[in-house]
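K.L.:
In case it helps, TrEMBL gives these features for our protein:
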REGION    1-39  region 'Disordered'
TRANSMEM  65-84  transmembrane segment
TRANSMEM  96-117  transmembrane segment
TRANSMEM  129-148  transmembrane segment
TRANSMEM  178-196  transmembrane segment
Amino acid sequence: MGEKEKTARRAPTSMQDNKDNTPMHGVFAAAPSPSSKDGPPILEESYRSARLSCLQFVDSRKWHYFLMFLLFVDLFGNCVAVSFTSQTNFYKYGLKARLCSCGFTAFAIFDMLVRVMSLRAAMLRNNPSVLDVSALVLLGLSLVARFWKADDPDKVVIIEDGFIDKYEKFHAYHINQIEQYLTAVYCFFVAIRIILKPRSRTFSKKLHKYANHDNLRISMSSLRASLRRIPGITAVAVEMMETDLVIICGRDEGNMSREELMQFLQKALLYRPKDLSANAFLAHLRDIDAQSNHAAY
């Protein structure tokens, strides 16, 4: 009879009640139950790993210097075309220069799209990266303007505009062919990108090591030992947290991923002592063993 009463009075565990994970014991702090709409941790981890792989690709030495070489060739070729021609004969080289610039710009756009998709909002924390995106947009607009205002010898209009001397003997003339000037503007933005590109790459390379933290493997036995060392924690709370740990990880021992640890901490906060704040509770879980494929922490 006594054992049946003890069994009946025992507080329900999270395994028995899936709707409410808040313990019924008075010494636990109440907190809202975590949302069950989160995506599968495996898919989230795969997505982050893909983003990191893409970022490492565009930041690799080979790709970076290949892109810098294309920018230099684009700048040098267009500068030569602008320097050794005039408004009257630039149309002979304009089409070739525009097509080459389109090919170089396609590589630049691909690089920037991969970088933006990998960094997302983190790119806004670095001024050279933001300026690099702006320079690429303006570069693209100037390239579109080169096609829009392309020189055409069949549409040449010569306008008389005053005199070139103070005695008014020699007339000044202007021509409506302005692609040469637009190409010079394009060269300016290419030069800006050559300056900003290494700085934006330096910033994104610093994020590689932080992204690698997603590959950490946390020891479950070390986590259990840290839970038992929390001051004021009861045996009932530890038992319920261990039950949730097994449910989340699907195993009783071994290592757990970072996503599994975050899910467990959301539930573990429900069982902390009533007089212990959330920050103080989490501070006691700092000394847990973790390792990655490259180093130990």
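Cβ coordinates are placed from backbone N, Cα and C, and glycine is handled just like the others.
Help me picture where these features are in the structure shown.
P.N.:
Long-range contacts of the transmembrane segment (65-84) within the same chain: residues 90, 93-94, 97, 100-101, 104-105, 107-108, 111, 180, 183-184, 186-187, 190-191, 193-194, 197-198, each at least 6 residues beyond the stretch ends and with a Cβ under 8 Å from a Cβ of the stretch.
Long-range contacts of the transmembrane segment (96-117) within its own chain (CB-CB distance under 8 A, at least 6 residues past either end) are made by residues 51, 54-55, 57-58, 63, 67, 70-71, 73-74, 77-78, 81, 123, 129, 132-133, 136, 139-140, 143, 146-147, 150, 183, 186, 193, 200, 204.
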K.L.:
In terms of Cβ proximity under 8 Å, which residues at least six beyond the ends of the transmembrane segment (129-148) contact it?
P.N.:
94, 98, 101-102, 105, 108-109, 112, 115-116, 119, 123, 179, 182-183, 185-186, 189-190, 192-193, 196-197, 199-200, 203-204
K.L.:
For the transmembrane segment (178-196), what are the same-chain contacts with Cβ under 8 Å, counting residues 6+ beyond its ends?
P.N.:
68, 71-72, 74-75, 78-79, 81-82, 85-87, 90-91, 94, 97, 101, 108, 128-129, 131-132, 135-136, 138-139, 142-143, 145-146, 149-151
